[in-house]
Each structure stands twice: as structure tokens, then as C-alpha cells.
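S.K.: Sharing a structure here in C-alpha cells format.
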Amino acid sequence: MYDWLNALPKAELHLHLEGSLEPELLFALAERNKIALPWNDVETLRGAYAFNNLQEFLDLYYQGADVLRTEQDFYDLTWAYLQRCKAQNVVHTEPFFDPQTHTDRGIAFEVVLNGISQALKDGREQLGISSGLILSFLRHLSEDEAHKTLDQALPFRDAFIAVGLDSSEMGHPPRKFQRVFDRARSEGFVAVAHAGEEGPPEYIWEALDLLKIKRIDHGVRAIEDERLMQRIIEEQIPLTVCPLSNTKLCVFDHMSQHNILDMLERGVKVTVNSDDPAYFGGYVTENFHALHTHLGMTEDQARRLAQNSLDARLI
């Protein structure tokens, strides 16, 4: 079944480029940039990839991202991810990147963007993988900081297809960012946002009604609110669900408890994605395979999930 799932044409709509930084590349970049790491070797680092919640993961994620310093680093990161896409027949990807993760430590916005954009361009030309980049605001920072990031992005308007919202969800509701999303949409950006991963269904309502998003990233807690479910089904609002991430971060205790197939059968436009694959134990095919192994996902369900991902593209 793995090989069949791997060959299935699919799109990835929820992927953080910084979260695809495999330990081997992390160590190579640290050596290239002469950065001392708190881990002795790759295996020690992999052993640290055990998380009880989103915040524990984010603490390690931001620590790992510190090795990314130059255009070449960001190119290598993105190119390595695109090669994974090619190997798994991901024909289209819409990755997030978090400029504030890098600008806050003194890396110029254009350094980050140039490296990523060149790799995506090469991916289109050399690998045949279409793509669109999503600029994501960090919700644990202030809305003023998000405005500054948008200011930095506007000269490179054509490099992005959308703005997003990610990082620590609890205590940072979507309404905190209503003004910057209003401004981004007025500049022509489409909006997406993480909501309903650890946060309650109310956060999904806010993302839809205040941020006016076109796609919900995660959204698994929508199933707790029947009125919300009806709206998502009726309006066919896509959900970019990340099964391995959800179990690794204890949103669900075990994959057998995941609700993605229940949502699929109710008519929700759910998609399968890897989120931060270097940290969560698998790329898109591994996520599909986990659904087959633990939830008994059928070939028909896999085809529908893959088609949903292609239908839910922003471009």
C-alpha cells in the first residue's frame, strides 16, 4: 500500500519550510556556519524530538532554525524538501515560511526570501513541481510586529500567494491579528490561518469571520461544534490536516483516535499534509500510510483525500 500511496499524485498545502530541516542538514549547516550545537550528533538530536505539546516542539524548532543564515542555507533547505516532494509525487506545494523567525535574529528578509524563491523556481523548472509561497505571521508576537513584516514583504509582493498565521495557538486568538489581515487582503493577499489545533472551535469562527480566511490550517477541533461543521461542509472550506503532527503533539493520543476520515465521510474537504516532517516522523506519504495502518483508510478514501488537496490549491 505504501508504494501505491507514494505514486498517488497529490498536493501539499500545510508545510513549514523550517520544519523540514532534517537533522543531517541541520548539522551540515551548523558546520558550514561555524555554529556550536547543544547536541553531540544526529542521533542525539533525533532523540530530542519527543514533545508533550505544541510549545515544547516550537522551542526546539526555533533553536534548530538558528543554523539558517545565508541565501544558500535557505536554498538548500527548500531544495531538500522539493526533492522529497518529487520522490513522493507531490506535484504542487504551498509552503509557509516564517520571516520573523529569521529577521528577529538579524537575518535580512530578502536573504531568506531569495534563497527560498530560487529553489522554488528551480523546482518548477527542473522537477516539474508547481508552488506558491505563503508568508506566515507568528501569533506569539504582537500585531505591530506582523505589520512590520507585511511592510517588509510588500516590495516582493509577487513572491507570495497568501498570508498565514502560525506558532503558539493558545492565548493568541485570531482576533489579535484582524487589522493586519484586513490590510494584507487590501493589498491583494489571500488569507489562511492555523486554527482549531490546540485552540477551541471559537478560534476557527474568528479566523473565518474576522480574518476572512479561505482555508483552515489544522481545524480538527471543528468537529466539536456542529454549527461550525455545517458551515465548513456547506461552504466547502478546505482543512489542511496533519495527522502525524497531531499525534506527535498530543492533539490526539493515538492515530487510531484521529477524526480525519470521519470528517471526510461527512463531506468536509480535508487534506493530508506533513506540517513539520523532520520533527514529526514523516512526509506526505508517511501521513497517508499512517491513516491506512491505524484507521483502515481505503484506496477510495486516499484518492478523495489526494483529489481534495489538488482542488484546495490557492493557485
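Cβ coordinates are placed from backbone N, Cα and C, and glycine is handled just like the others.
Quick paste from Swiss-Prot:
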type	residues	note
ACT_SITE	E197	active site, proton donor
BINDING	H14, H16, H194, D275	Zn(2+) binding site
BINDING	D276	substrate binding site
SITE	H218	site 'Important for catalytic activity'
S.K.: What's the CA to CA span in angstrom from the residue listed as 'active site, proton donor' over to H16 (Zn(2+) binding site)?
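M.R.: Checking the Cα atoms of the residue listed as 'active site, proton donor' and H16 (Zn(2+) binding site) gives a distance of 15 Å.
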S.K.: Using DSSP with the three-state reduction, classify D275 (Zn(2+) binding site) as helix, strand or coil.
M.R.: strand
S.K.: CB neighbours of H16 (Zn(2+) binding site) within 10 A?
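M.R.: The answer is 28.
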S.K.: Reported as an integer number of Å, what is the Cα distance between H218 (site 'Important for catalytic activity') and H194 (Zn(2+) binding site)?
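M.R.: H194 (Zn(2+) binding site) has its Cα 6 Å from the Cα of H218 (site 'Important for catalytic activity').
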S.K.: What is the set of residues, excluding H14, H16, H194, D275, whose C-beta falls within 8 angstroms of the centroid of the C-beta atoms at the Zn(2+) site?
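M.R.: Leaving out the recorded residues gives L15, G19, F96, D166, D217, H218, T240, C242, S245, N273, D276.
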S.K.: If you count other CB atoms within 10 A of each CB, which of E197, D275, D276 wins among these recorded positions?
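M.R.: Per the Cβ count, the most surrounded site is D275.
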S.K.: Would you count the other CB atoms within 10 A of the CB of H194 (Zn(2+) binding site), including those on all shown protein chains?
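M.R.: I get 29 for this one.
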S.K.: Which one of these recorded positions has the most other Cβ atoms within 10 Å of its own Cβ: H14, H218?
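M.R.: Ranked by Cβ atoms within 10 Å, first place goes to H14.
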S.K.: Say you check the Cα of D276 (substrate binding site) against those of the binding-site residues H14, H16, H194; which is nearest?
M.R.: H16
